[in-house]
Ligand SMILES: [Zn+2]
């Protein structure tokens, strides 16, 4: 009898626990992820955390050789340097232990050298921890590139609790932006018949609403970090199911990319930017939760208005004008929006008091 269903590529193993860094090698063994030559990619500021992962592999009976390489950024020259290390050391798996840039470089170089990659995020700053997308900086411009889904995603909540608060706020913002992104996606499906996957959209949306419903951000509370980690993992998996970043990237991401292009040296992080722009796009989309989102951002001291980024209405218009060109062909609520609607949405979205 035929089975009418679709198959999706998922990580073999996802674990979200406290004190997991020391157990990475052991947990991988449990899922038959057995390797002889692991290459650990990390950054100098968190090398003490990577050391704990490394210690586990040193005691593994399958490991013959082990190498740790530090990177400084997600810039393309660093990618080329890691590829040189891969060609010399000949690893059979890459293990990224670190924040977004470490995970991105690990996923990207692993895909280019056709190696499995294990994601061990030490900071929950965006949904790249489990997604088939890597952000790489080519000269002054960051680009999202398709890669493979990580073979395993192993999250140590205790390590993540110690991450800078701004990084964790970014993760919260990136998760909340899924609501605006999925609204754009279904609207594009209705207007342009673009491929739409209900399961991917549901995973993305439900994760974002669980965060929005949590009301209070508390990074000292492990159960709150669990909601954040699970939401970001499911967001990455949603992108894997959809085969596109659509479930987690819509008009709010285009605005953020445009802002990055105009202000490449801005210190604000991706997730907080997309959440702030989501308030505006959600209002345009007539999304009922737009005011709850605005309140959530203010209540929890995330970036909530363009002013927090140092931009006024005229500069916002420049960002808005540039936004569609950052991802040509991606239909969103910004396409053909009138000046009157923009003015109204801007004043409504960004003038609410606490
Ligand atoms: Zn994002």
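Along the chain as shown, the residues are counted starting at 1.
From the backbone N, Cα and C atoms, a Cβ is placed for every residue, glycine too.
Note that this is a predicted model, so its numbers are computed, not measured.
Around the Cβ of residue 125 (NAD(+) binding site), the number of neighbouring Cβ atoms within 10 Å comes to 29. What TrEMBL records for 100, 101, 102, 103, 104, 122, 123, 124, 125, 131 is NAD(+) binding site.
Residue 253 (glycerol binding site) carries a helical DSSP state (H, G or I). Around the Cβ of residue 253 (glycerol binding site), the same chain contributes 177, 181, 245, 274, 277, 327, each under 8 angstroms and 6 or more positions distant in sequence. The feature glycerol binding site is assigned by TrEMBL to 127, 174, 253, 270.
Ranked by Cβ neighbours within 10 A across all protein chains shown, the binding-site residues 104, 127 are led by 127. Cβ neighbours of residue 102 (NAD(+) binding site) (same chain, under 8 Å, six or more residues apart in sequence): 41, 42, 43, 46, 71, 96.
Rounded to the nearest whole angstrom, the C-alpha distance between residue 100 (NAD(+) binding site) and residue 127 (glycerol binding site) is 9. Between the CA atoms of residue 127 (glycerol binding site) and residue 104 (NAD(+) binding site) there is a gap of 11 Å, rounded to the nearest whole number.
In this structure the alpha carbons, written CA, of residue 270 (glycerol binding site) and residue 104 (NAD(+) binding site) are 14 Å apart.
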